[in-house]
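Following: one structure in structure tokens, then a few remarks.
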Amino acid sequence: MLAFAARTVVKPLGFLKPFSLMKASSRFKAHQDALPRLPVPPLQQSLDHYLKALQPIVSEEEWAHTKQLVDEFQASGGVGERLQKGLERRARKTENWLSEWWLKTAYLQYRQPVVIYSSPGVMLPKQDFVDLQGQLRFAAKLIEGVLDFKVMIDNETLPVEYLGGKPLCMNQYYQILSSCRVPGPKQDTVSNFSKTKKPPTHITVVHNYQFFELDVYHSDGTPLTADQIFVQLEKIWNSSLQTNKEPVGILTSNHRNSWAKAYNTLIKDKVNRDSVRSIQKSIFTVCLDATMPRVSEDVYRSHVAGQMLHGGGSRLNSGNRWFDKTLQFIVAEDGSCGLVYEHAAAEGPPIVTLLDYVIEYTKKPELVRSPLVPLPMPKKLRFNITPEIKSDIEKAKQNLSIMIQDLDITVMVFHHFGKDFPKSEKLSPDAFIQMALQLAYYRIYGQACATYESASLRMFHLGRTDTIRSASMDSLTFVKAMDDSSVTEHQKVELLRKAVQAHRGYTDRAIRGEAFDRHLLGLKLQAIEDLVSMPDIFMDTSYAIAMHFHLSTSQVPAKTDCVMFFGPVVPDGYGVCYNPMEAHINFSLSAYNSCAETNAARLAHYLEKALLDMRALLQSHPRAKL
């Protein structure tokens, strides 16, 4: 569930004039305090939108039944009104009525493994090195780049991002470094060490399943240079050549309850506990991966996507991870690189902004060779593996192997056009792509489905996401008409434009805090908190259908030619992520092999055809030039 963001225009901090007089530490707080609070939408408005969103995806009988339940729910003096008042009270008392609830329900209480089910991966452009020297040089430069970005976080001088002229909440940037998820028996927690009395000065480096603590600052507080980091990485590489080590990191890929039990067993031992604490506190992790088996160029991208998302299995690089760590950069000897991140801390856009910065940084030449001062040996993190822990590792390996075999992932570069074409037609590129997805899905399945697209709520203090529902009556009318020979081309163009505009309108409402999904979730959680019986509208078939997202999608734009990916959120669904570049579009599509009805490559094929057909339709009927 990643965050949609229209390309945020970054302007410098300057909308609150007295900043030049303030200490840096109060700058971020002043910006955050000036942001509006997330509103609770009017009850009737959300319920009307809910009923409207159900029309394309449920039968007329189901819809009529739900309409009755909605009318009862919102009756004067009824349960809906009481819950709405409770939510409004919560909004007055908290900084954001949703953020804590969302963190818990979407992430910390979610018991499936973070791998595939929750943590997104990112594939960066293949680098031009093909050997160990190149791998370590690039990793060193990347580390230096992240530390350079960290200066802006530490000094609170990150340029504020704007969306449609409105400043955005920058809090997520302050959660992604020196943080880690910690498993718990029913609910996990996230520990952030960046604001402690002694903030961490080390990163974690993993090679051949062996973890190292690498200090990246000198005693005077200055960061190590890329040359110095390179020397340290060489030391790490040379002292971890054994390949018979137990992949302790694979424990973090297991079901959260199983991992919580194994975690408690693991940290009973002081040596293990100290090693785990070092990983949790580190600023971020760098995984020096073994090269994946060679494959043909067209399969290469999808293989690397798997490597970034899950490591490729216990025989390859899955043991080279600590999946609870918020940020893990991955660099392999063959030039493939990317990252995987734990989702509780942030959505895609802040991660991608950091990546854009770091990738630009890695292209800078080293102007001066830095002096090679003697540096201490990086500390190897030891683990005492008891038979019980070994058994936990074996179980985690088996579970991960099943998950990896079940994942069907395809990365497609759509070369025919990028955001340039929809823009030339005065259409939103995001809405255009979403309508192509609706068309592709309809052509395969002959029906519309509940579709989730992430909308950023960062216009509000501590805002995370809400849902843009891409399946509408407008989109359904368009996709039905597209292959109907009785509908004229001119009518099809009008229906396409109308569907795109409707999606654009929904997006605008969602980022202003007026979508209904999080509001309904809030009402449901309020009912649980008030210990009242669950209202019928939440026990209804229509609600179950509406929340079963066969298409879970996200636009994550970047300046870098990269793509993000994640697994489907339902067993019979798809995960679709895309980065629209100027003249091409990067897509990732995922499904599960255990579902006979879904196939990622087939959806990719139909999506490509839908995009081309929509372009041909618009080109055959040029807009009248005003």
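Glycine residues also receive a Cβ, built from the backbone N, Cα and C atoms like all the rest.
Listed features, source Swiss-Prot:
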| type | residues | note |
| --- | --- | --- |
| ACT_SITE | H343 | active site, proton acceptor |
| BINDING | K419, K423, S424, E425, K426, L427, S428, P429, D430, S456, R504, Q555 | CoA binding site |
| BINDING | Y452, S454, T465 | (R)-carnitine binding site |
| MOD_RES | K93 | N6-succinyllysine |
| MOD_RES | K261 | N6-acetyllysine |
| MOD_RES | K261 | N6-succinyllysine |
| MOD_RES | K268 | N6-acetyllysine |
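Shown here: features listed in Swiss-Prot, placed on the structure.
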{"residue": "K93", "record": "N6-succinyllysine", "Cβ within 10 Å": "8"}
{"residue": "K268", "record": "N6-acetyllysine", "Cβ within 10 Å": "12"}
{"residue": "H343", "record": "active site, proton acceptor", "Cβ within 10 Å": "21"}
{"residue": "K419", "record": "CoA binding site", "Cβ within 10 Å": "22"}
{"residue": "S424", "record": "CoA binding site", "Cβ within 10 Å": "11"}
{"residue": "S428", "record": "CoA binding site", "Cβ within 10 Å": "19"}
{"residue": "D430", "record": "CoA binding site", "Cβ within 10 Å": "26"}
{"residue": "Y452", "record": "(R)-carnitine binding site", "Cβ within 10 Å": "24"}
{"residue": "S454", "record": "(R)-carnitine binding site", "Cβ within 10 Å": "25"}
{"residue": "T465", "record": "(R)-carnitine binding site", "Cβ within 10 Å": "28"}
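Of the recorded residues, T465 ((R)-carnitine binding site) and K93 (N6-succinyllysine) place their C-alpha atoms 21 Å from one another.
The record assigns Y452, S454, T465 to the (R)-carnitine site; their largest pairwise CA distance measures 11 Å. According to its DSSP assignment, S424 (CoA binding site) is helical. A 10 Å cutoff on Cβ-Cβ distances gives K426 (CoA binding site) a total of 9 other Cβ atoms nearby, all chains included. In sequence order, P185, D392 are the residues near K261 (N6-acetyllysine), counting only same-chain partners six or more apart with C-beta under 8 A. The two recorded residues, K268 (N6-acetyllysine) and the residue listed as 'active site, proton acceptor', show a Cα separation of 27 Å. Cα to Cα, S454 ((R)-carnitine binding site) and D430 (CoA binding site) are separated by 11 Å.
K268 (N6-acetyllysine) falls outside any helix or strand according to DSSP and counts as coil. Neighbours of R504 (CoA binding site), defined as other CB atoms within 10 A of its CB across all chains, total 17.
Taking CA atoms as the reference points, K419 (CoA binding site) and the residue listed as 'active site, proton acceptor' are 27 Å apart.
For H343 (active site, proton acceptor), the nearest neighbour among the listed binding-site residues (S424, S428, D430, Y452, R504), judged by C-alpha distance, is Y452. DSSP classifies S454 ((R)-carnitine binding site) as strand under the three-state reduction.
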